[in-house]
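For 19-260, the entry in Swiss-Prot reads domain 'tr-type G'. Feature annotation from Swiss-Prot assigns GTP binding site to 28-35, 94-98, 148-151. Among the features that Swiss-Prot reports, diphthamide is placed at His597, with the record citing sequence analysis.
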Amino acid sequence: MARGKKMVDRVSELMSQPKFIRNIGIVAHIDHGKTTLSDNLLSGAGMISEELAGRQLFMDSDAEEQARGITIDASNVSMVHEYEGQEYLINMIDTPGHVDFGGDVTRAMRAVDGAVVVVDAVEGTMPQTETVLRQALKEQVVPVLFINKVDRLINELKVDEMEMQVRLAKVIDKVNKLIKGMNEDMYNNGWKLDAAKGTVAFGSALYNWAVSAPFMQKSGVSFKDVYNKCREGDMKSLAKSSPLHAVLLDMVVKHLPDPFDAQKRRINVIWHGDKESVEGKSMLTADPNGPIAMMVTDISFDPHAGEVATGRLFSGTLRRGTELYIIGSAMKANRVQQVGIFMGPTRVEVEELPAGNIAAVTGLKDAIVGSTVTNLREMVPFEALTHYSEPVMTVAVEAKNMKDLPKLVEVLRQVAKEDPTLVITINEETGEHLISGMGELHLEIITGRIKRDKGVEIVTSEPIVVYRETATRKAGPIEGKSPNRHNRFYVELEPLDQVIVDLIRNGEVSMNQTWIERRDILVANGWEKDEAKNIKDISTTNIFIDMTKGVQYLNETMELILEGLHEALQGGPLADEPVQNMKIRLVDVKLHEDAIHRGPAQVIPAVRSAVKAGILYAGDSLLEPIQKISITVPTDQMGNATSQIQGRRGSVLDITSEGDTITVVGRVPVAELFGFSGDIRSATEGRAMWNTEFAGFEIVPNSLVKDVVIAIRKRKGLKEQMPRPEDYLA
C-alpha cells in the first residue's frame, strides 16, 4: 500500500497545476490492445507490478470483463509520469472497443482532452476505429496514434523490414484520411498525424516496448534493431531499451493539450451559454476559484458509499460539504460527501479537487450521466451527449421469485443510471420490464450483472428487435376532440427532412439553443422563417410547431398539449413503438373559456388521439434497425461470405482485397442477424472475422409490414388487427 500512498501524494500535488495535467482516453476497435496497453502504462508508472501487467487487466476490474477478455465499462486511473525533469499528472480512461459499449466511449470523450488511438498493425483501421475517432473529433479531443502488435507483422506475416515500414505508413495514411474526411479544418490546423513529428508511436503492448521518431533519435534505436529483435524473439531487451510507458507517455505529454489549452477551444463546442458570463470566463480559463461547473460522465455504485458520480470538472474546486445543484432536476441542493480520484477500481479520497481534473464524487443523488453540476442556482447546461448508436434489441425480464420484484425495480433504476445507452421500460398492462440495448452482447452482460452483482434471480426472454414508426407522406389537418367535446385541436403532419434529422442527432438543432440561433440554422437549411421561429418542442427526432394565431388560453394549456404529444410519440398507433422523424404542426385550437373544462383529462387525450390518427393518415410505416457488417475471409471463401449477407435481406456495398484475404462490407437488418455467428463460422469453416456497427433505421419492406406489426401487437397484448385512423377519432 505504501506505493499507492506515495502515488496519491504525488497526484495531489500536481492536481492544482493544470499545465502539468493531461486528461486522456485510450480508444480503439475491440481486441486491438487498449487494456493491455493501459496496464503496461500503469506498470511503468509504478502502480502495478511489471510481472502482472498485461495479464492482471487492472483496468478490467469487473469479473465479466476478465472472463470475456474484453472491456465493458470505461475505467479511470490517475498516475504520474516524469518528462524532461518535470512530473506530469496523467488522468487516463480505458474505454471499451466493442460496438455494443460505444456509449462508454461517448461519455469518456467528454471528460478528456486527448486520445491515444490504438490500431492493430495487422488488421489496420476497423469500423469501430472510425466511430471512436469521429466521436473524439466531435468533442474537440486531439488524437495521437499508437500502432500496436508490430511483432505480429514480423513473426506471423513474415514481412521484411521494408514491407513492415510500408504497412505502418499505410495505417498512418488511412487514419489521416479518416481525420481529413471528418474535419478538414482540424486536419489542416495541426491535427494530421505525422511519425516524423512524434504524434505516432509503434510497438507491442503485450511485450511492453514502443518506438517513436523522437525516441529513436534520443536512444539510437533504429527500425532495423526493432526488426531484428522481433525476429530473434528478444522482446525483453526491446522493453528495456524502449519501454512502452516512456515512449507513449512522452508523446502524450508533448503532443496532447493541458486543460488550459483544451478548455479554451472545447468550451465553445460543448457549452452554449454566454462566454462573457462569470461561469463562461471561468470555464474558458479552468479557473479553480470560479463557480463549480462539472459534467457527469459516469455513475457507478459503491457498496459502502452508494452512488459515485464521475465527471470532468471544468471550473471551480470541489470540497466535501459543498452544496451543489443538478441543472434540470428538481433543484434540491445535493451535499458533496466525498471527493476523490480513481486509481483503477479503487477510489481514493482527496481533500479538494480543482478545475481541469476528473473527479469522483459521492452525495450527488440527483445526478445522472450527462448532468451539469454547479453551485449556481441557474446555469446553461452542457451540450447533451449524443451517441452514434441507438438501442436495437430488447429483452423482457422478470423476477424468478415474486418477493424479489421490488428489488428488481430498484436494480433496473440503478442500471439505467449507470448506463444511459440502455432504455428501461415497464409495461403497466402486462407488468413486464423491458431492457433495450445496443446488441445481444450488451444485453447479455447487463442481465448477467443483475444476477451476479445485484443478487436478483431473473428470467429473460429471447431478444426482440426494436422497431420505430414514422410517416411517409403529408396529412391533415386532423381534428382531435376532448372527451367533453368542448376543446378541439387541429394538427398537420409530414415526414421530417433527413437533413434536419441529422442536425438534431448531431446536437446542432436543439431546445437548448436560443430560438434565434435555432431559427437561423433551420432557415439556412430550407425552412420557412415562420415555422422555424415557432418551434415549441423537439423530442428525439420529432419537431412540434405552433402555427396558431391569437388563440386565447393557449399558453396556459401548452404544457398539457406537449404531454399529449409525447404520449402519442412514445408509442405510435401501428405497433406502440416509438415515433421518429416527424414534423407536426398545430394549426388551430378551440378551447373552452372555463379552465375546469380544459384540464389534463380533456386536453391530453384529445391531442394524443389527433396525433395518432394523423400518423396513420400520413402513411404510418415501420422502421427497422440496420447494421453495417464487415466480413474478412480468405479469397476462396468470398462466395460464402456474400451469400450470408444476401440471404439475410442484406445488400453487399463493397468488396476489397488485400493479399490473400477479402473483406466484404454489407448492410443487414438486425432482425435477420440472430444466429449469424454460428452460421458464418460453419459457412466459412471457422475462417471468418467479422464486426458490425449501427447504420441507422430503414423502412421495413411493404410485404413484411403486416406480419411484423401483428406479431408485435400480439406480444404486447394489443388487438391483433391493423389499426385504422377511425379507432382514434371516436
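Think of each number as a place in line: the chain as shown, counted from 1.
Cβ from N, Cα, C; glycine included.
Separation of the C-alpha atoms of Val150 (GTP binding site) and the residue listed as 'diphthamide': 74 Å, rounded to the nearest whole number. Cα of His597 (diphthamide) to Cα of Ala28 (GTP binding site): a distance of 59 Å. Counting Cβ atoms from all protein chains shown, the residue listed as 'diphthamide' has 14 others lying within 10 Å of its own Cβ. Following the DSSP three-state reduction, the secondary structure of Ala28 (GTP binding site) is strand.
Residue density at Ala28 (GTP binding site): 30 other Cβ atoms are found within 10 A of its Cβ, drawing on all protein chains shown. Mean per-residue pLDDT, taken over the domain 'tr-type G' (19-260), amounts to 78. The Cβ neighbour count for Val150 (GTP binding site), using a 10 Å radius over every protein chain in view, is 25.
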